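Peer 1: This is the structure I want to talk about, given as structure tokens.
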Amino acid sequence: MSDVQVHQLYIHGRYVEATSGKTFNSINPANGEIIATLQQASEQDIEAAVKSAQQGQKIWAAMTAMERSRILRRAVDILRERNDELARLETLDTGKAYSETSTVDIVTGADVLEYYAGLATAIQGEQVPLRESSFFYTRREPLGVVAGIGAWNYPIQIALWKSAPALAAGNAMIFKPSETTPLTALKLAEIYTEAGLPDGVFNVVQGAGREIGQWLTEHPVIEKISFTGGVETGKKVMASAAGSTLKEVTMELGGKSPLIICEDADLNRAADIAVMANFFSSGQVCTNGTRVFVPKSRLADFEKAVVERVKRIRIGDPMAEDTNFGPLTSFPHMEKVLSFIESGKQQGAKVLIGGGRATEGELAKGAYVLPTVFSDCTDQMAIVQEEIFGPVMSILSYETEEEVIQRANDTTFGLAAGVVTQDISRAHRIIHQIEAGICWINTWGESPAEMPVGGYKQSGVGRENGLTTLGHYTRIKSIQVELGDYQSIF
């Protein structure tokens with residue numbers, strides 16, 4: 001371990017020694033090797049990060065919107081210049097295929113930052129006349145210091161999705177990356193500093209355990225929490241934020257999304273969409289369409305088409321250019337996914353392909369799970385009810401449109417949904433009845449910077465991306481002006 005780099009915290013534009021005396025390791029899930037050791041933040045370090053953020057935010061908010069925009073655009077340029085380097089690090093840390101991280105993760109994160117850099121100058125209030133001698137106007141002001149808590153599946157993309165609107169609106173952000181995949185968030189902090197962001201405007205405090213998240217959610221200075229993660233943790237974060245200082249929250253939580261294949265769907269297109277909706281990023285996407293509803297009349301042909309495509313998935317070393325399916329992000333998560341697969345078998349679902357761990361050759365060293373497709377599924381099975389967050393597709397048959405809509409909505413989640421059909425009227429009719437915040441027709445998975453994303457029900461609160469998200473990072477001040485005499489009743 002002598003050649004393993006030790007990473008400090010990133011506070012006030014530089015790396016600083018953590019005061020906890022504790023460390024944790026980042027593990028390469030492709031082979032189980034330690035790739036980095038990270039110092040863990042203490043409560044004292046959180047206080048230092050908050051004070052730093054307060055100082056930096058005052059400087060940042062005092063800049064013109066155009067100045068802030070230019071700095072954020074410089075960060076975009078640096079991200080794109082360093083795309084391949086960052087993608088390699090993301091692949092080492094997450095296990096995601098380099099063919100994916102190099103074309104999606106940094107690229108889409110930079111797109112979101114560029115989008116909000118352009119919107120920084122568009123934040124404005126309004127002026128409304130009340131009568132000849134009086135009017136009021138509004139100002140949209142930054143919240144101040146906000147915190148982001150990231151998930152492990154899209155580390156740098158999530159850090160950018162959270163920081164971009166926050167910084168564009170004039171806030172400072174303290175970001176806690178997942179302890180499983182913390183490395184690229186630290187690189188992002190370096191890039192922000194290089195681009196000219198004032199010290200303290202983006203601080204990174206990493207650590208294992210729940211204490212850091214709790215210190216952030218309960219801190220009286222922090223005005224907002226943006227969290228991405230599981231439902232149960234999200235509920236605790238939200239309760240803690242409300243119980244401390246009534247903080248604003250954005251919650252991007254779990255999903256168990258339905259993909260409805262209609263009777264008139266092009267079978268090849270439907271199978272392509274289903275495979276992408278389940279096995280992209282090794283199945284570790286919160287919006288995955290893991291409940292695939294297929295008409296009974298087309299079930300056999302659809303299952304055959306899906307299996308043919310799954311056989312073409314290239315599992316292997318995530319750094320290899322031809323690999324498009326890497327390991328899961330951690331060994332504990334692999335065990336969780338495998339337990340769900342065993343549950344599916346025990347509850348009577350039929351394995352069409354996959355169904356276990358990948359152990360061929362070098363794959364045995366990593367957290368690899370075979371792309372798995374279950375048929376003969378019922379709505380009551382655990383693999384259909386619960387979020388697995390892995391490469392597990394459940395195929396369910398249906399007979400009528402009314403039936404499939406009811407079953408698709410029969411879940412506590414409401415993150416995403418999709419419909420595949422050649423009848424555009426049917427597509428809209430179904431989608432308008434589905435209880436989900438992100439919906440796709442004849443496609444799946446794209447989340448452009450301009451599109452607000454977020455869930456219904458227990459899948460989340462608030463939105464990320466799009467114009468509406470800027471409102472989550474500002475507050476409105478109303479000012480009335482009287483030009484005439486003031487008449488008192490006393």
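Cβ atoms are placed via backbone N, Cα and C, with glycine included.
What you see is a predicted model, and the numbers here were worked out from it, not measured in a lab.
Annotations for this protein, taken from Swiss-Prot, read as follows:
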{"type": "ACT_SITE", "residues": "K162", "note": "active site, charge relay system"}
{"type": "ACT_SITE", "residues": "E252", "note": "active site, proton acceptor"}
{"type": "ACT_SITE", "residues": "C286", "note": "active site, nucleophile"}
{"type": "ACT_SITE", "residues": "E464", "note": "active site, charge relay system"}
{"type": "BINDING", "residues": "S26, I27, D93", "note": "K(+) 1 binding site"}
{"type": "BINDING", "residues": "G150, A151, W152, K176, P177, S178, E179, G230, V231, E232, T233, G254, C286, E387", "note": "NAD(+) binding site"}
{"type": "BINDING", "residues": "L246, K457, G460", "note": "K(+) 2 binding site"}
{"type": "MOD_RES", "residues": "C286", "note": "cysteine sulfenic acid (-SOH)"}
{"type": "SITE", "residues": "E248", "note": "site 'Seems to be a necessary countercharge to the potassium cations'"}
Peer 1: Measure from the Cα of T233 (NAD(+) binding site) to the Cα of every one of the recorded positions I27, K162, E248, C286, G460, then give the nearest.
Peer 2: G460
Peer 1: Is any of the recorded positions S26, E252, K457, E464 within 10 Å of E179 (NAD(+) binding site) (Cα-Cα), and if so, which, in sequence order?
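Peer 2: Cα filter at 10 Å returns S26.
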Peer 1: Can you count the other CB atoms that lie within 10 A of the CB of W152 (NAD(+) binding site)?
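Peer 2: I get 21 for this one.
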Peer 1: Return one of helix, strand or coil for K162 (active site, charge relay system), based on DSSP.
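Peer 2: The three-state answer is helix.
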Peer 1: Using C-alpha atoms only, work out the spacing between E248 (site 'Seems to be a necessary countercharge to the potassium cations') and V231 (NAD(+) binding site) and round it to an integer in Å.
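Peer 2: That comes out at 17 Å between the alpha carbons.
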Peer 1: Note the Cβ centroid of S26, I27, D93, the recorded K(+) 1 site, then list each other residue of that chain whose Cβ lies within 8 Å of it, in sequence.
Peer 2: N25, N28, P29, I34, I35, A36, L92, T94, T180, T181, P182, L183
Peer 1: Taking Cα atoms as reference points, rank the recorded positions G150, K162, E252, K457 by distance from D93 (K(+) 1 binding site) and give the first.
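Peer 2: Out of the listed candidates, the nearest Cα belongs to G150.
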Peer 1: Which of these binding-site residues has the least crowded Cβ, counting other Cβ atoms within 10 Å: S26, T233?
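Peer 2: The binding-site residues S26, T233 were compared, and T233 has the fewest Cβ atoms within 10 Å.
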Peer 1: Measure from the Cβ of E252 (active site, proton acceptor) and count the other Cβ atoms within 10 Å, all protein chains considered.
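Peer 2: A count of 27.
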Peer 1: Starting from the Cα of K162 (active site, charge relay system), work out which of the recorded positions (S26, G150, E464) are within 10 Å.
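Peer 2: Checking Cα-Cα distances against K162 (active site, charge relay system), the recorded positions within 10 Å turn out to be G150, E464.
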Peer 1: Going along the chain, which residues six or more apart from L246 (K(+) 2 binding site) have their CB under 8 A from its CB?
Peer 2: none
Peer 1: Greatest CA-CA distance (Å) over the residues G150, A151, W152, K176, P177, S178, E179, G230, V231, E232, T233, G254, C286, E387 that the record ties to NAD(+)?
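Peer 2: Max span of the NAD(+) binding residues, Cα based, is 23 Å.
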